[in-house]
Every structure is written in structure tokens, then in C-alpha cells.
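Visitor: One structure follows; several queries about it will come next.
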Amino acid sequence: MGGSDSKFDEQELEDYQELTYFTKKEILHVHKRFTQLAPDLVEVDKNATLPQDKIMMLPELRVNPFKDRICKVFSSSGDGSMSFEDFLDMMSVFSDNAPKNVKVEYAFRIYDFDEDDMISSNDLKEVIDRLTGEQRLGEEDMQQLIDNIFSEVDLDGDENLSYAEFEHVMSKAPDFTNSFRIRL
Amino acid sequence: MAFLNTAEDDQKMFYDNETFELEPDYDAGSDSDSRRSESATRHSKSNSNQSVIITSETGRQFDDNFILKARGWNETDSDTKEKVKKNHNHALPQQIPLQRIKATPRIEVKPSFTSITANSHGIEHTYDESKSKTLSVNDVSLIEDNDDPLLGQNLNNLIRRRKLSSKKGSKRRRPSSRRGIVPGLENHEFMRRQRLLPKGDKGSENEDYMRLYKENQDESTEEEIFQNIKLQKDIIESIRTQPWRMRRKLKTLQLAKSYVEKYEGRLSRSHGYQEAGAKFWRMFKREATNFFALFIPWEMRIKRTESHFGSVVASYFIFMRWIFGVNLILSLITVGFIMIPEIILGDPHGSTARKTVPAEESDHAMDLKTLWNFDGYLEYSPIFYGYYGNEKVIGSWYRLPLAYLLVGLATYGYSFVTILRKMAHNARESKLVSKGDQYTFSWKLYSTWDFMIGNAETAHNKFAAIATSFREAIIEEEEKKKEDNRYLLIFLRILANIFVLAVLGASAYTVFLVVERSQHFEQKVKEQGPDSVNWWEANEVAIVMSLITLLFPSLFELIGMMEKYHPRVNLRWQLARILVLYLLNLYTLCFALFHKINFLKEQYADNVSSMQAANLTCFQKNESTFNTSCAEAAASQRVLLDTCWETMVGQEMVKLTVFDLLTTVGGILVIDFFRGLVVRYANFCCCWDLERKFPEYGEFKIAENVLHVIYNQGMIWMGTFFAPALPAVNILKLLILFYVRSWAVLVCNIPHERVFRASRSNNFYFFLVLVMLFLCTFPTGYAVVLIEPSPHCGPFSGHKYMYSVITDTIQQEFPDWLIMVFDYASSPGVIIPVFLLLIMIIYYLTSLSRSYKEANNDLKVQLHYERTEEKRKIYAMADAKAAKLPANKASTPNSKSADDTKVSPTVPGVNILRAVSPSAALGVSVNVLRGVTRQVQRPQMQDQGQEDGARGRARLQSLHLNEL
């Protein structure tokens, strides 16, 4: 396909609406944003796959400490590059209407840096480091923090957060759905 | 085998552009058999040189189907994997010659989707050989070693169906599967399995393509089709929530849809119509959402703010938008049911005394200054209560007084209902969070980053804030036990509260004082014209109240600083105090106004009596001696007649609203804008850093601002009854405020460092609104029920109390028996039992919720238990499985599926999941339990994955599949 006009036909829009949490207008808007990331590429092929650094040009991602993880998790090729459908997928997960469990699922993937389906203390460390930016925590504080987290959450005491534990905690988090969003 | 041939010939499937040439017509009913064989022949004839065309309507190719499962289940086979990859990546083979498929000795059957891409010979072969195993139809080379254990159950369906249609082969039928074909359940199982599959595994992705399927539908009974359709619909509904790639979802959806479309109509005609109706309704609903989405105002504006400042600031604007919506409805009610009928049907302006500007005032009635005070023409306009006539019926049937009262009730009722609905909605979203579930640190870690932030400066601040909050939390944790300097602190806090009380008292006194004074000024205006008082005197009440709302919160902030609370606690105190201040203000205002009303009434009573005396004397004298005192008396009588206290209250409220707007906008300009300008441009010529140290840029004080909106809304609720146009005025106000604020926040405010978490899901704001609304109903209720309405203005003049409109209507218009019913219903004989009943219900519900909580805890304990228990079992099983695996490969699929049935019942996961799922409502999410399995499989994988990862994974999967 890949006509030079960047509009979708009705059927596609219909399907996308069925599969995302967007209205028609929003889907088109998502595409507009996608186009803005790399107008030259998308103009040629509306389903073009944009490389990771282009995707990271999205303002919300640019400042996001987990930007590379996000790209990776949503990229269908696994290398961080995204097609429009990946992008739409991402925006849908980060949209206002996506239910909590979907968000939690993806959050888990994002925070699971080594992709072993467990959040280990190394993953935690990585998250803390990224969150604090330049003002890193000292070794002691870090350890203290990690210990606290495990003592709260790690039900089975294996020093790892499984998805079940993660979901259990996050499903109760009052702010999670609210902060795990990206502007359309 | 003949029956198999005919049956399966039809089963050949074409992924064609529009249709899946799956089967011959099904409608035929009784003669379907013959027709089927007919068409079967037709198909088999054409078979020889057919190719399967693999394109979807949108041009996406379905090549993946033909790789199907290979990757998912045979990761170990690196050879296969490679091929699959190759095939997957390389540009789609648009056509695969059917011969290739024909050569495939296996047919792939997936459970839960009972989907098959099949070829008759394939089935025949495998069926003959293994009695039960059928495997992938795909390119043979791709799947060489497919011992997928999932097949058993679908196969069962397949076989059973075949048997049903042929009425033979009962010997071949395997014992029916443990799980049967309950579609919903299967579906869930399927979904669960999807989730449980290792996610890094790309194979799992392809794996589902294989259920892009078709079933040998011509064989199924109607019921089965029906069940399948139900299943597909489940899929369509829940597909959105699946964490898959878009592409995969798309395909699944398309196939499910096409299946439903294809078979739905066939079930029965009425069902078809029903379905068409449902489809239309769905379309309509979607279009409607699309349409209404266009009308959600300021979405972009809010989003922009959100990306600059994060979601907390945006929550203020969203809240404001919500309030705006509420006001919109309120003003529609009041304008539509009171103002417009009165304007159209009521007496025209100027026809009666209450609708005419009195002669003494008419000179000034159009002056800006007069209008500014909502006097003059505005006072005698439909904006205020006094304008409305008390004729029982206007036009031919509209009972305005009744409507007026009912609209008053409706505005409150509507507000209550919306707030409660919103709160309930939010509460549902946030689920039951008990106190034991406070995961402070994890929440801090995993939900602090606001993904909305798209601004470098904000992000920078956020980093700093997060680091600080981590440190704070750690220190807090450490210092929980330590408490020093208690006495000083307690002293300081008591002192602070005394100060606060003093400030509150001062504000209440001031408000009361100004209202008292205003009485005097008004008198003066009435007697000497509007020029007799200056601007300050005329607007004193509104100005003072606005100033109080503007300045006192800062005072509280200063006082709060000496309390040395934790910032969060501090903020709560601050909010509570401000709310009390606002409420106190409104209440003092009301009391002062009521006081004034009483005063006026007394004066009126006095004057009436003195007037009568004066009149008498005037009349007794003859005309020539009609002196000035008589004229004065007449004038004062006129003044008193015109004094309409309801209008006065309304005026006060409208004035307050408008002044509040002015002070707020002024405040924004001065406190934020000019300060920002000074800081920005005077910085270079100043000896200290203006931006960092003293004046800084303004912060957006979200909590205070929210409270301000709530306070404003409180005024609206109080005033609407006396000034029906007030909600409309408020709409204007909110509009202006919204734009000014959103402009100011982007232009002159900096992102705040300290964050009060009051998110959209948080009910805190709404709770405050509810409290405000509740308290605001009292003054109005008091006025309606206990104060006598003014005798010469408004729709209720002439009645003893306002509410008597309703009782009169009931008494006069309703039939006798209904009156009896009402009488009886309002007697203590009914009210007391109803009251008791309500109390009992409340008691029942509270105990119910208590028992839910207990159940919740039990489940939590169970969760712990299951987790350890299950882990142990699965370890054991994995080992057993590992021993069997090589043997399985060699053995026939038949023995394997027997194995399948044998092992499955011992797998605890599923049964536990089922057992627990009914209690999902109790708050322990089943998700957690569901996740248990996923969690359990992991350690195992890690253990073994290190040494021989691929094998461990394969084993794990087979284990897993068995389980499901």
C-alpha cells in the first residue's frame, strides 16, 4: 500500500478503533504526530518504520528516563524502531482510556530491563538511577530503598519482583494510571 | 474413510480477499448432506490447481499464518527457527501452491479457537495413523518436529463434529475432553495462556496466527456454530486488552469478525436481524463517541498544560472543565424552565410593578454605575427572583411558581447526583484500598515518573523532586521512632491553631460588619440616589469578601510554616483551613443577610402601621394641606414595597461572583504575570538572583486553586434560587478564568517542586465539592421552608412560605385519594418505619463491607499459601516432565494426549484459578492469582535456562500447555 496520502480507509480506521482506546479523530491525530517525527519518511510510506532515535524525538519521550525501554517494548522488531502500528499501540496503551491492567502489563515490561520477566534488584537499581538523574542516591540509600521495596512487595522473599507481585502492588497504586499516560 | 473425505474436502480454505471459502451453504437444512457432498466434489475438483491466496483486504499478508506455530513451540529447533525467520521476513509468498499444503501430513488444530487450516488428505492421514493427532498444515519443512500438546482438545471437537455429521465412527471418538467446549472458558484460558507465555519470545507472537483459522463449519451443528460465534465475539470484545502487537490483534480481529459475519446470519433469521441491529447500534455508538469527542472542550489546551507541568496541574483544569459542564446543565435547567417561559409567556416587561423600574430610580437606571451593582434595569430583569410574577398559570398551562420551586430542587438534585456518580466512578477505578495495602516505596518508585511530562525544565525539576522524595522517605522511615523537641513543637502547633482561629474569627466578624454597613448604604441609595455613596461603599461586601478569599490563604500558609509538619500533612491542614474559611465566609454572609431580612421585615411592619396612621392623617386633611410629610411617607412606603429580600440576596451573590472573578484575574496578573515580568527582566540589574531567590516565579498552587473553584461553586449553589441567571453568569466566569489561568500557567508559572497528589482518580476534590454542596443547601432550604417570601415580588408572593406552592398544588389539583396517600405517606406512621428501614439497610451494608474486608484478608493469606505450594508442585512436575519429554517425542501423539489428560488434573494452577475467580469482586484481584502461574514458571526457567535455556523453555511450554 503506502499511498502518498496519509489517510486511512474506513475499514482500517474501524479496526484501529476496535483495537485501541481511541476515537477516529484521535487515531488521525496520532498519525499526525507520527508524521511529525519524520515527515519525509512517513510521507513516502504511511506505514514506514521509524528508527528509534526518530521515535525518541517525541517530546514526552525525549525527557523520559525510560525512553529506550519504551521504544524497545513497543517495537515489533524488537530493536526500538517503530512502525505506525507500533506507535499507535504505544499511544493507545498510554492513552487516558486504557485500563489499568494493560498499563500495568506494559509498565512491567518497561521496568524489566534485562527482560527476564522478573524485576531483580539490579532492575530496581536501574530504575532508581534513571529516576534520580544527576542527583544519584548514595550506595547506602540505594540499598536501603531497595530493601524497603522488597520488604513491602516481595511476598515470596526471593528478592525478585514477579509480574504477579508487581501487578498486585500497582493495581492499588492511586496515581499509576494517571501518570502512566502520554499526551495524545 | 469416505465420510472423512467429503467432510474434509470442504474444509479447504482460501484466504481470499473477501471470503473464506470454507464451506458450502449451510442453510439448506435437511438436504445439506447431499449438497455438501456435491460442493465437496466441486471443491475437490478444483483443488488440484488451486493455490491459497494470502492477502487480506487491507493488503496485509497472512504469510505469518503459514509459519504459524513453528516458532512458538519449537524454539529449540534452531533450524526451524531460522527458516521461520527467513520465511517471516522475506516478502510474503503471495501464493503457496496448494500442492505443498497437500503434501503436508499434518493438520494444525488449535484449541480454544478451534481453528483449522486443513486439507482433507492431511486429516485423513493423520487421523488414520494416529487416531488423534493432527498437526500443522504448513510448509512441511517448517514443522518437522511438532509435538504440540495443545491439540488434543480441538481435535476432540473436530472428531466429534465429524462423528455427529456422519453418524458413524463412534468407535473412533476419543473420550470427550476434560474441558469440553465451553467457549467462554476456553477463551479465557486462551487469553491467559497468551499472557503467560514468555514475552520475550517472539514465537508466542506468531503462535496466535495459527488460530487464524477456519473450522470445518459445515460439520458443526447450529449450537456449535452459535457457541463459536459467542467465542469469537468474546474475542472481539476482549482483544483490545491483550498486550499484543497491533498487527496480530488486527489479524485476529479480522478473522473473528469475518467468522461472525459469515455464520451469524445462518443461525436463524431473527438472530440475523438481531445481529444486524446490534451491529448498527455498535456503529452508531462509535460514531456518537466520535462525534461527542469533537465537543469535549479544551482537550488540546489541557493536554498542552499536561505535557508542560505534568498531570497534577492538569487535574485542576480537568476539574474545572467538569465544573463547567455541571454549570452548563444547571444553567440550561434554569434558563430553559424559568427564564424563557417567563419571558415568552409572562407579563411583558414594564406591565406590573415588579417588572418596572420605579420612577425615582429610572433616571439612573441605565447608568453604568448602577448596572455595575446589578441595580436599575438589571434588578428588574429575569436575572433575579423579584421579576417573576405570581400568577399561578402563565400562558395556557405553564405553572411558573411551581416550576420555579421544582427547578430550584432540580438544580440541587442534579448536582448531588452528578457528584455522587463521579465519586462512585472514581471509587470503582481505585478499587478497594485497605490500609494494609500501602506500598509507599514501590508506588514511589513505579508511579512517580509522570509520562506526561514533555518539557525539559519540568523533567529536570521532576528528577530533583523524585530524588528528594526518595531521600525524604528513607529518612522518614528511619526517624519514625525518633521524636525530639516534642514540647516545643506541640506548643508551636497549638499556637498556630490559635492564630488560625483568630484569623477565622476576624474574617467572620468583618463579613458580618460589612453586611450590616451595607444596609445603611443601601438605605442611603434608595433615598438619595446612587450618587450618594461612593464606589467603595457600594461594593463593600463583595470587595471585602473577595479580598479575604485572596489574602487569607497566604496568611494561613505563613502560620502553617511554624507548625513544621511534613509537607504533605501541612498541605492537608492548609486545605482544611482554607475550606473552613470559605465556608465560614459564605455562612456569615448568609446569616448577615438573613439578619438584614429580619430587620427589614420589622421595619416594614413598623412602617406599615405608622404609614397607615400617616395616611389616615393625610386623608383627614384636605388636599391643599397635603404636606411634605405625607409625600415622604408615601415615598418610603414605595421603597419598602420595593424591597425584595430575595432579589437582594441574589444581587449579593451575583456581585460576589463577579468581584471574585475580578480579584482572581487581578491576582493572577499581579502575583503571577507582573512578578514574572519583573523577575525575568530585572534580573540582570539586581544584586541577587531574582529567579532563584526572593520573588521567584509564581508557582501554580493547585490545591488552593481547586478550593477556590469549589468556593465559587458554593456561591452559585446558594444563589441560584434567588438569581436564576447565576449559573449562566458563572459559565462566563469559568470560561474567562479557564483561559486566563491556562494562559498564565503556561506563560508565567514554573512547575512546582512539591506535589500534592490529587489525581483524577482521587476523590478528594469531589468530596470537598460534596461537602460544599451539602452545606450550601441549608441556607436555601431555610429560606424556602421558614422565611416568609416578600409580599410584592417573586413567584411566591402571597404564600405563607415558598414551599406551600407544592402543598397547595397537591391539595387543589390532585384527586382526593392521592391526597390521602400523600397525607398518609408524610405522616409519622410511614416516615418512622422508612427511616428505620434505611438505618437497617445502612447497617447491613456496613457489615457486608466488613465481611468483604475479612474475605479479602483470607484471600491474601491464601495467595501466600498458594504461591509457595504451587511453586513446589510445579517444580516437581517440571522434573517429571523433563524425564518424559524424550519419550514423548518418540511416542505416538496418541499416547501423548493420553498423557495430556492424565497430567492435567493434577496441575493445580487452573483449578485454583477457577476456584478463586468468583471472589474477584472482593478486591483481591484475580489477576494476581492469574499471574501466579506466570510467576511460578519463571524461576524454573531461570534455573534451567542458564544451563540449557532453550530446552528448559520448551519443556516449560509443554508443561504449560498441558496445564491449560
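Cβ atoms are placed via backbone N, Cα and C, with glycine included.
Unlike curated entries, TrEMBL annotations are predicted automatically.
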Visitor: Can you say which of B:541-562, B:717-738 is given as transmembrane segment in TrEMBL?
Guide: B:541-562
Visitor: Please identify the range among B:71-93, B:163-185 that TrEMBL labels region 'Disordered'.
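Guide: Residues B:163-185 are the ones TrEMBL records as region 'Disordered'.
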Visitor: Sort out for me which stretch, of B:490-515, B:541-562, B:764-787, has the most Cβ pairs below 8 angstroms to the transmembrane segment (B:402-420).
Guide: B:764-787
Visitor: Which residues, given as numbers and ranges, are at least 6 beyond the ends of the transmembrane segment (B:574-594) yet have a Cβ under 8 Å from it?
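Guide: Same-chain contacts beyond the flanks: 500, 503-504, 507-508, 511-512, 515-516, 541, 545, 548-549, 552-553, 556-557, 560, 645, 648-649, 652, 656, 703-704, 707, 710-711, 714-715, 718, 768, 771-772, 775-776, 779, 782-783, 787.
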Visitor: Need one number: mean pLDDT over the domain 'TMC' (B:644-759).
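Guide: Here the mean pLDDT over the domain 'TMC' (B:644-759) amounts to 81.
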Visitor: Given a Cβ distance threshold of under 8 angstroms, which distant residues of the chain, six or more beyond its ends, lie next to the transmembrane segment (B:490-515)?
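Guide: For the transmembrane segment (B:490-515), the list is 540-541, 544-545, 548, 552, 555-556, 559-560, 562-564, 577, 580-581, 584-585, 588-589, 591-593, 595-596.
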Visitor: For a three-state summary based on DSSP, what are the helix, strand and coil counts in the domain 'TMC' (B:644-759)?
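Guide: Summed over the domain 'TMC' (B:644-759), the classes give 81 helix, 4 strand, 31 coil.
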